[in-house]
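The active site, charge relay system annotation in TrEMBL covers Asp163, His237, Ser599. Annotation comment: TrEMBL describes 24-126 as domain 'Inhibitor I9'. Under the heading domain 'Peptidase S8/S53', TrEMBL lists 154-643. What TrEMBL lists as domain 'PA' is 413-493. Among the features that TrEMBL reports, domain 'Subtilisin-like protease fibronectin type-III' is placed at 721-814. Positions annotated as signal peptide by TrEMBL: 1-20.
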Amino acid sequence: MKRTKLACLLLVFVQQVVLGTHDVYIVTMEGDPVVNYQGGVEGFPATAVDLDEEMDVTSEAVTSYSLHLRRRHDNLLDSLFVEGTYEKLYSYHHLINGFAVHMSSLQAEFLRKAPGVKHVERDMKIQKLTTHTPQFLGLPTGVWPTGGGFDRAGEDVVIGFVDSGIYPQHPSFSSHKTDPYGPVPHYKGKCEMDPVTQRSFCNGKIVGAQHFAKAAIAAGAFNPDIEFASPLDGDGHGSHTAAIAAGNNGIPVRMHGHEFGKASGMAPRARIAVYKVLYRLFGGYVADVVAAIDQAVQDGVDILNLSVGPNSPPTATRTTFLNPFDAALLSAVKAGVFVAQAAGNGGPFPKTLVSFSPWITTVAAGVDDRRYKNHLTLGNGKLLSGLGVSPATHGNESFSLISAADALLGSSATKYSALDCQRPELLNKRKVQGKILLCGYSFNYISGTASIKKVSQTAKKLGAAGFVVAVENSYPGTKFDPVPVSIPGILITDVSKTTDLIDYYNSSTTRDWAGRATVFKATAGIADGLAPTLYNSAPQVALFSSRGPDVKDFSFQDADVLKPDILAPGNLIWAAWAPNGTDESNFAGEGFAMVSGTSMAAPHIAGIAALIKQKNPKWSPSAIKSALMTTATTLDKGSHPLRAQQYTSSEMMTLSRATPFDCGSGAVNPKGALDPGLVLDATHEDYITFLCSIPDVNHSEVSNIAGSSCNSSSKVQRPYDLNIPSITISQLRGTETVKRTVTSVSDESETYSIMTRMPPEIALDVMPPALTVLPGASREITATLTARSVTGTYSFGEITMKGDRGHLVRIPVVAMGFK
């Protein structure tokens, strides 16, 4: 190939220098990707299709244009650098036009200046954002019957899981005891073979299984002796999220001889497509994630579940919405794929979200109505509450207490932190046998090197009647979860209750002149904690769930976009687990796990979106998102306003009234979302115009990363003009007028009366006060917001549209007044 003079000079220079440390870089190029290409390159016909058409990814046009882009990527690198000094990892051609390459920072600088290169960004790491909920959400009676029952709920809808893989042998993913699964003509993904068993990962229920690790390998993070170079889930997280969204219905959750109910996915008949990007030791890399997303959309998934997110807002672009990850998801939405992403687990602190863009449905985590609580009865009559999913002490009787400190085998054992009861060989079995073992809660539990499961195993090996783990010091930010164990056991999390326990134990224990315990008179009994208690004060926003406001840049300036979008169950969720999973030490070796995180909330929304897609296959992703948001509820099961778990100034947990920055539009209401009456729709062009309207964002940057040019004649000139089912103005100066277009998805015309609610600091008026919308027709409403006073805080309100045929459409309104 003939090289330019510039390329020759660069080549000579690169040969003469010692290249620095290599990193992975994501590069975007001039030219449209497959989903956007409308022709213009000689010899290559257009590949872009309308939303209601299905792209044939096997067509000659798509295949040849994809190959053309890949060759351009290869030719560019070949023209600039000596072979062997770099490694191209992926060519992205379906959603974005670019590639991932492992090279030095010096080479990256050369690449930035090369003709045809639009943007070069160093790769970032991503992280995991880590049953009863179908009944809690009303699916069995209110939703599944409309889709033909649980055995048809989600039929032929494919959900793609960009996660840690899957454990295909789990009964939640079995195809043996279900009606036969036929082919899904629109899905064309492939199935890798298990390198050990030589069996396919797919079985009809699982229709695609691939893994992506080239960036992780190039970065030196991938250890083949520990990680699985296949779609097999070595973590547990991916199996858990897949089962929440699309696991089989009625799977018994059995552990330690007890059945905790029957598990089911939200859409139990939906198909599962696995795109593994997360690994045990290090998480994952954006370059691998973008490759997985690109492949998933090319394969034909209908829904994407992302229980992953960046470690922080992107630093290489002027706004959080413009980066290769979000740009790929924008193209996915253009291709008709609905995207659910976990909000993050940085709560309850503000601006901790890791999901930013309006085309993504960002999901906060709620606490549902099920709580596992237990109590310890002391010999002095005191009742100490705690957590413990365990059987009661034998015969509901009391047994003598012995602390680990009094059961040590020699003083040398103290160097092993024996007081947290992780190593039975350090404790005297003769002393412990038949007693309740009292253990301490050390920092090892928080770091993950100690677990309640190991305490249970220690107590069992020593023949103890049970165990108590007592928290003596408060660790701010610690999240205590109940852990199922096979013997009587309880975790006392309240430090004051622990003080009562220790005082009672010390006053009841006789010691010799050297302080050695000789007589143990303290007794206790552990109650049965296997059965949950149901509460009406649910859902609540979980303490760990990340909060808004959304941020528009790395300096954490507030964005004119409401995030999170919606609340779904994400606390103590029972679902499938990989027996070799390492993510939760308390569930190592188990087939099920009860896990918390916004990672668990996102697949609830992905599964419910699959049910909406099944009923309304032609709806756009933004219409599905609108249906979910406008029908969400702001009341708990006791008909009280939703509340959010927060911290007091002394780091104690409390409850406060939830705001849209906690829960978005509210808690998901699946039955309402299937029949929303009206939707607020947004097109790909609307999203591009939104990006172009962000202050201080260079229009060339929009073109470079999102691949579409700004149109100065567009009617949307401000970020909050985007037609989404919320209104957020972070700096309201004087009076602003905002318009929203609603479209009927009903079979009948309906007249809506429009009401508003807003605190007195902001005046909110909407016109017209009432409107009639014909089937399939659209109408415009105008909201006028006026800052009456400057408080330095946000005001939260809503626009409510009440239809005469029973539909109720809610649009949250958020604004902060400025002079």
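Here the Cβ of each residue, glycine as well, is placed from N, Cα and C on the backbone.
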Secondary structure content, the domain 'Inhibitor I9' (24-126) (per DSSP, counts of residues): 29 helix, 27 strand, 47 coil
Cβ neighbour count (within 10 Å, all chains shown) around Ser599 (active site, charge relay system): 32
Whole-number Å value for how far Asp163 (active site, charge relay system) lies from His237 (active site, charge relay system) (Cα to Cα): 7
Which same-chain residues, if any, lie at least 6 apart from Asp163 (active site, charge relay system) yet have Cβ under 8 Å of it: His237, Gly238, Thr241, Ala242, Val274, Tyr275, Lys276, Val277, Leu278, Asn305, Ser307, Val308
Structural state census, the domain 'PA' (413-493) (DSSP three-state): 29 helix, 16 strand, 36 coil
